[in-house]
Amino acid sequence: MTATATRVLVLNSGSSSVKYQLLDMADGRRLAVGLVERIGEENSRLVHTPLATGGEKRETEGAIADHETALKAVAAELSADGLGLDSPQLAAIGHRVVHGGLRFTEPTVIDDAVLKEIERLVPVAPLHNPANITGIRTAQALRPDLPQIAVFDTAFHSTMPEYAARYAIDVETADAHRVRRYGFHGTSHAYVSRRTAALLGQDPAEVNVIVLHLGNGASASAVAGGRCVDTSMGLTPLEGLVMGTRSGDIDPAVTFHLKRVAGMSADEIDELLNKKSGLLGLCGDNDMREIRRRIDEGDERAALAFDIYIHRLKKYIGAYYAVLGRVDAVVFTAGVGENAAPVREAAVAGLEELGLAVDAGLNAVRSDEPRLISPEYARVAVAVVPTDEELEIAQQTYALVSA
Ligand SMILES: Nc1ncnc2c1ncn2[C@@H]1O[C@H](COP(=O)(O)OP(=O)(O)O)[C@@H](O)[C@H]1O
Ligand SMILES: CC(=O)OP(=O)(O)O
Ligand SMILES: [Mg+2]
């Protein structure tokens, strides 16, 4: 790293999207931000904003077949503004990696052995680790000289106590196959719980928070004094809340039932639960905006899907309230949590006895800033705190390479 190399590029490769940010860590400035979505479909879209040059947001529509093509398109957009990957000011590239298993609980410099381990974990993050690996390989090919750092979704949850991390199954079988609860979205849960403490004007070590990360994938976590003590995702990002296309919690016997009675294979059941379930399976749409629009038009299937989503969410709020004993804040984040006021209102409705309430006026405000939405009299704060996984990854990446 040269003395002038203070920039970090962050790649957050999801199952069908890539989010990215280029930051200058010397002054914290965001130089470029962007998103490629609907990768693999006909109507992919790249949105790129070159903040450094004050340039306008640029949108490109058209099929982007895979993650490698997407990343090359991102590199070309950055180059067009003189912010290309060939820049000597680039210190490192930080990658979100979803599953780090038991081995990775800290940001890690990626070498062949690390990449091999991330590959070994593909069966327990089938929608995510392959995309992360493509991101790493493509970035390595473009800048083989630069440090590439992996920041793991599972890392923040590694502090979960054993009684929260273990499934109640035979210990030998579980240990032989590393079957346990790992938890995901950890970078977001860490960032948002810390940011919530700041919003309350308190030390993170003093604050107990329930974080509801509601994106396409969704998870809840109970954070006590800055440490995760429980989270809703498990061995894989399938457990827990109802999600865009994932079922979340079900009786495990549903899987053998479908195998024995419906003759489905393990792969077919995997695909059913990960890609054809959740809101999509319940009503045909996985986007909360579309579901709300249908509900407003009187669509009963969309209304039932919404009710199932909220019922599960409310159960986790109650469960984590009990786990924490004392709760200072319940905080909503990610695409649904930050934008869908009806979800926030419904999730907290009826929980007044727990000290939880939402102020309708505050809840209706649209903003990119962290904010309280609970009335002043409420014992527990309810907040909306936009997540910034890319900033958190950039900070952890830069801390490692500049140490
Ligand atoms: N204005 C909005 N109102 C309601 N829901 C929204 C809005 N904007 C985005 N969403 C929801 O957020 C989801 C995407 O969230 P995001 O956190 O970006 O997910 P991911 O990182 O898993 O791709 C969309 O699928 C949609 O359901
Ligand atoms: C782990 C996970 O579910 O991630 P995402 O929400 O990006 O799909
Ligand atoms: Mg996400």
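Using N, Cα and C of the backbone, Cβ positions are placed for all residues, glycine too.
Because TrEMBL annotations are produced automatically, they should be read as predictions rather than curated entries.
Features of the protein shown, as given by TrEMBL:
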- Asn12, Glu389: Mg(2+) binding site (BINDING)
- Lys19, His213, Leu214, Gly215, Asn216, Gly217, Asp287, Met288, Arg289, Gly335, Val336, Gly337, Glu338, Asn339: ATP binding site (BINDING)
- Arg96: substrate binding site (BINDING)
- Asp153: active site, proton donor/acceptor (ACT_SITE)
- His185: site 'Transition state stabilizer' (SITE)
- Arg246: site 'Transition state stabilizer' (SITE)
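Structure coloured by features recorded in TrEMBL.
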residue	record	DSSP (3 states)
Arg96	substrate binding site	strand
Asp153	active site, proton donor/acceptor	coil
Leu214	ATP binding site	strand
Arg246	site 'Transition state stabilizer'	coil
Asp287	ATP binding site	coil
Val336	ATP binding site	helix
Glu389	Mg(2+) binding site	helix
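The Cα atom of Glu338 (ATP binding site) lies nearest to that of Glu389, taking the recorded positions Arg96, Arg246, Glu389 as the candidates.
Take the CB of Asn12 (Mg(2+) binding site) and look out to 10 A: across all protein chains shown you find 23 other CB atoms.
Long-range Cβ proximity for Asp153 (active site, proton donor/acceptor), meaning a same-chain Cβ under 8 A and a gap of 6 or more residues, is found for Arg96, Val97, Val98, His99, Gly100, His128, Gly183, Phe184, His185, Gly186, Thr187. When the recorded positions Asn12, Arg246, Glu389 are ranked by how far their Cα is from the Cα of Arg289 (ATP binding site), Arg246 comes first. Among the recorded positions Asn12, Lys19, His185, Leu214, Arg246, Arg289, residues whose Cβ is positioned under 6 Å from ligand 1 are identified as Arg289.
Here the binding-site residues are Asp287, Glu338, Glu389, and the one whose Cβ sees the fewest other Cβ atoms within 10 Å is Asp287. With a cut-off of 6 Å between Cβ and the nearest atom of ligand 2, the binding-site residues Asn12, Arg96, Asn216 reduce to Asn216.
The Cβ neighbour count for the residue listed as 'substrate binding site', using a 10 Å radius over every protein chain in view, is 25. Among the residues the record lists as binding ATP, namely Lys19, His213, Leu214, Gly215, Asn216, Gly217, Asp287, Met288, Arg289, Gly335, Val336, Gly337, Glu338, Asn339, the two farthest apart have Cα atoms separated by 20 Å. With a 10 A radius on its CB, Arg246 (site 'Transition state stabilizer') counts 27 other CB atoms from all the protein chains. In the three-state DSSP classification, Asn12 (Mg(2+) binding site) falls within a strand.
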